[in-house]
Amino acid sequence: MKNLPLLFCGIFFALAFSYTGLIVSGNIQLGALEPSTETLVPSDSEVDENGQPLMVMPEGETLYPRKPSGLAEQGKKVYIEMGCMYCHSQQVRRRGFGADIDRGWGPRATVARDYVLQDRVLLGTIRTGPDLAHLGGRYAGEAGRDWNHLHLYNPQIVSEGSTMPPFAFLYKKQEIVNKPSEKALDFPPDSEYAPEPGYEIVPTRRAEALVEYLLSLKIDYSLPEAVIPE
Amino acid sequence: MSNESQIFSPSTNPYSSANEAVRAELSEIDASIRTASVFFVVSAIGWLMIGTVFALMAAFKAHQPDFLGAYEFLTFGRVRSAHLNAMAMGWGSNIIFAVGLWIMARLCRAKIDNKGILFIAGVFWNIGLTVGVFGILRGDITSVEWLEIPQYATPILAVSYALIGVWGVMAFRFRKGDHVYVSQWYILAALFWFPWLYIVAQAMIIWFPARGVVQSLTNWWFAHNVLGLWFTPMALATAYYLIPKVLGRPIYSYYLSVLGFWALAIFYNWAGVHHLIGGPIPAWLISAGVVASVMMVIPVIVVGLNHHMTVVGLHREVWRSPTLRFTVFGAISYTLVSLIGSAMALRSVNEITHFTHFTVGHAHHGVYAFFTMIMFGGVYYMMPRLLKREWPSAGLIKIHFWGCAIGITVMVVALQVGGWIQGVEMNNPEIPFLETVQNTIPWLKARSVSGIFLTVGHIAFAVNFFWMLFAAGAVRAKSGPTLLTKEGGAA
């Protein structure tokens, strides 16, 4: 193969082959996925090509995955800006492949439909820190919020020996005027990271958004193709 | 003088060639590309130093999280991404433009015209990168692996690449002579593949995001192919050019090189999916990726045979020549890293190595021990011919070689052993996660030590290079090429 057009065709088709095989066909297979209800029921009017009733979504039930709140969306921006995904993945591998489910990182394996509402998919490829796909399920409610704020302010407070960097720059130190702020971080007694008396640490809006986002990461719903085992 | 050194000497000496006419022609080609190539090498070395600083910070932060922890713009995720982009797009691509275009021009026996535009395109490439890396540090990072550069900088990169890449294709289009060397295929293909990958990935992930995990598929199709279809072919082309050229001996088998090229072209670009094994994508796509990764054994063995068989029996020459010492180190690394890579795609191995530092070690094994070492070799060969000057210090070249060789070996071993242990422990739910993290710390410290070796090597390289570039008068008069050992002696 010495002439340019022929060589060029070979070079072109080599990449076109994988582009079609991986990207185009992947898009055909997955690009049309939509949120779904937890189960499908047989339709009473429509039938498939074999004459069996078509499986459809029951009316009026919640669609999953849910849409995140506006604050959580802002928090995701902070997560992206900080490069959190370079240490944390957001995917749960199936039982029998790794120990994700045994470690409590999620009640079931994640599937493609779990990600369809995300503008930027942050599957991640490394677990210098634990998987976060189900973080909001592991640290729920007010206690979860407090834990996450302390952990972000300085991971050593709640998980000593962690290699996660502190994100103290997302928090403000301020003098306590009259009474302490409701948002102030609640340090464990005698913590060496607590501010001096008369001062308090409060989260900035970015920190609040980031924690909101982290708490929104939850795999607490089944999908027709991925059911949470009882 | 032994027989072997007679084979060797004429071809390492830039001032001698069997044929006066060929010499004159090559010299003319070299002159036509000098300004642009020197500019690209200077930029590449600049980015190499910047990337090294970020690398040291990131490595140190990995086991000392408080280190520079108070600065938002130096948080781990950003420093690590600034390092990756400075190295991949700054060092890697600039050195490809320098060495790849030069080899292409020489093999095509075509002068480079309109070099002013090439130079300006190069300036814009580096401006785009500078904007991009600053963007990453100030928080406009995209958090898409290998595509971290913010949206506002990527069009500059795409346009300047479009201009630069054209020179290689044009050299090939207007080549003289009938014979097409295998290096030319690799360079031509890579020049075409890279923009396709980059534009598709940008479009489908950043500009018009595809739905859900199709983004991840595109991401790994792109990121793995930056290695496979941009760095790998360029480094292989360089090795295919340098090894026979310096040794004065033809490549072992032309037939094998043809097979190796097409096998790489067909299999490598499917292999990226192995980064998603166990992930939420259809099983058939993963299987296709695993099969392609394992099939990569074919081009790797073929290229390995070709490179290593050409060198057989001439080890002393390899050891004496700065060019070949680096290039052959890179060629051996290619065989090793690729075989490990194929093994990593097997589901049972991947279950352990995925999500661990093993992958980081593997990436450095490929980009550094293979690609970068060969490109160092290319610079050692190219610069004396472009500048008609010799490398001022053999001692600095030795420091460069040993710093890099020891550094990268320590890094790859530490991260892969540490990563394997990390993976085994992570898959054992009896061991608390925090304990598995702490068990990686000694290995991460070893990586920081390896970084110091690499830094010493890079500084020696930069000093030698700028000494050669600026203090020309003193070294111009030297009678022969800079070699690392005395005539026929040991190191």
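Cβ from N, Cα, C; glycine included.
Record features, source TrEMBL:
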type	residues	note
DOMAIN	B:220-491	domain 'Cytochrome oxidase subunit I profile'
TRANSMEM	B:38-62	transmembrane segment
TRANSMEM	B:82-105	transmembrane segment
TRANSMEM	B:117-137	transmembrane segment
TRANSMEM	B:149-173	transmembrane segment
TRANSMEM	B:185-208	transmembrane segment
TRANSMEM	B:220-242	transmembrane segment
TRANSMEM	B:254-271	transmembrane segment
TRANSMEM	B:283-305	transmembrane segment
TRANSMEM	B:326-346	transmembrane segment
TRANSMEM	B:366-387	transmembrane segment
TRANSMEM	B:399-421	transmembrane segment
TRANSMEM	B:452-475	transmembrane segment
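Residues belonging to the domain 'Cytochrome oxidase subunit I profile' (B:220-491) score a mean pLDDT of 93 in the model. Using a Cβ-Cβ cut-off under 8 Å and counting only residues 6 or more beyond its ends in the same chain, the transmembrane segment (B:185-208) has close neighbours at 96, 100, 103-104, 142, 144, 147, 151, 154, 157-158, 161-162, 165, 168-169, 172, 214-215, 218-219, 221-222, 225-226, 229-230, 233-234, 236-237, 240, 261, 265, 269.
When each of B:38-62, B:82-105, B:149-173 is scored by its Cβ pairs under 8 Å to the transmembrane segment (B:220-242), the top-ranked stretch turns out to be B:82-105. Same-chain residues lying 6+ beyond the ends of the transmembrane segment (B:149-173) with a Cβ under 8 Å from its Cβ atoms: 85, 89, 97, 100-101, 104-105, 108, 110, 112-113, 117-118, 121-122, 124-125, 127-129, 131-133, 135-136, 140-142, 184, 187-188, 191-192, 194-195, 198-199, 202, 206-207. Sequence-distant contacts of the transmembrane segment (B:366-387), counting only residues of its own chain at least 6 positions beyond either end whose CB sits under 8 Å from a CB of the stretch, comprise 14, 26, 30, 33-34, 37-38, 41, 87-88, 91-92, 95-96, 98-99, 102-103, 227, 231-232, 234-235, 238-239, 242, 245-246, 322-327, 329-331, 333-334, 336-338, 341, 397, 400, 404-405, 408-409, 411-412, 454, 461, 465, 468-469, 472, 481-482. When Cβ-Cβ distances under 8 Å to the transmembrane segment (B:82-105) are tallied for each of B:38-62, B:254-271, B:399-421, the top count falls to B:38-62.
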